[in-house]
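Database features (TrEMBL):
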| type | residues | note |
| --- | --- | --- |
| REGION | 25-53 | region 'Disordered' |
| DOMAIN | 63-138 | domain 'TFIIE beta' |
| REGION | 233-284 | region 'Disordered' |
Amino acid sequence: MALQEKLDRFNKQQEKCQTMLSNIAAKSASSRAPTPKPTPVAASPFPSGRSPAPVKFSNDTERLQHINSIRKAPVGAQMKRVIDILFQTRQAFTPEQINEACYVDVNGNKDVFEGLRKNPKVNYDGKRFSYKSKHDVKNKNELLVLIRKYIEGIAVIDLKDAYPNVMEDLQALKAAGQIWLLSNFDSQEDIAFPNDPRVPIKVDDDLKELFRSIELPRDMLDIEKDLQKNGMKPATNTAKRRAAAQVQGISSKPKPRQKNKEFSKKTKLTNSHLPELFQTLKNS
């Protein structure tokens, strides 16, 4: 009898456990089921009477303002930006590439486009813009060939924009004895002359001494007159240059150098540790 009661009690406990497990499984299944989303209600453009929040500008605002200022600049300023890019890179750019490089909208500004197309420093082949130097040379060998064509000399200022390191090549050619670089007396600009190594000229010392002993007139006008008397054309025109200087209010005569003022007895000596500087003061 006692055994039967224990068996019945065990069966009831099993039923309770089974019921509990079924309830737990049902709850977990219901929690995993997707919940329907509520339908959004159209909000009022001004909720609860408040004004809309201020629009935040992007972090690129400063760059956009810079681009806008460039495109509103005068045509000459925009052209200069483009020519500077072409000069520095020595590459050919399409209008789109120019826009990316310096923010100048060549296609969108007809005046800039026409100004670049007609500019003597710019070459346009119908698609791309590139820098156009006065002399089309790209290296030291081509530079030497060009200088040798100018027996009477070629101005260095006309060669400066040929390619980026042209000035270094000029100095290298000079150091190698292939060219001469002499200063023009009138403009103070250097002139490049060819020096043909096939024609070496040796001058006697007597001739050098005779040349150095010749006393030239002190006034450049007299030198030019003497050259004209001997059938030579002077490279300078001093009379014309002085007339232009007078029109512009510039004196052609150099200012006299001021003599160094000597120390007086009233001079306060601050460098007493250098007595040799004040020898004249002690002697006076």
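Using the three backbone atoms N, Cα and C, a Cβ is placed for every residue, glycine included.
Model, not experiment: these values are computed from the prediction.
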* Counting each residue once, how many in the domain 'TFIIE beta' (63-138) are helix, strand and coil under DSSP? -> 41 helix, 7 strand, 28 coil
* Within the domain 'TFIIE beta' (63-138) only, compute the mean pLDDT. => 93
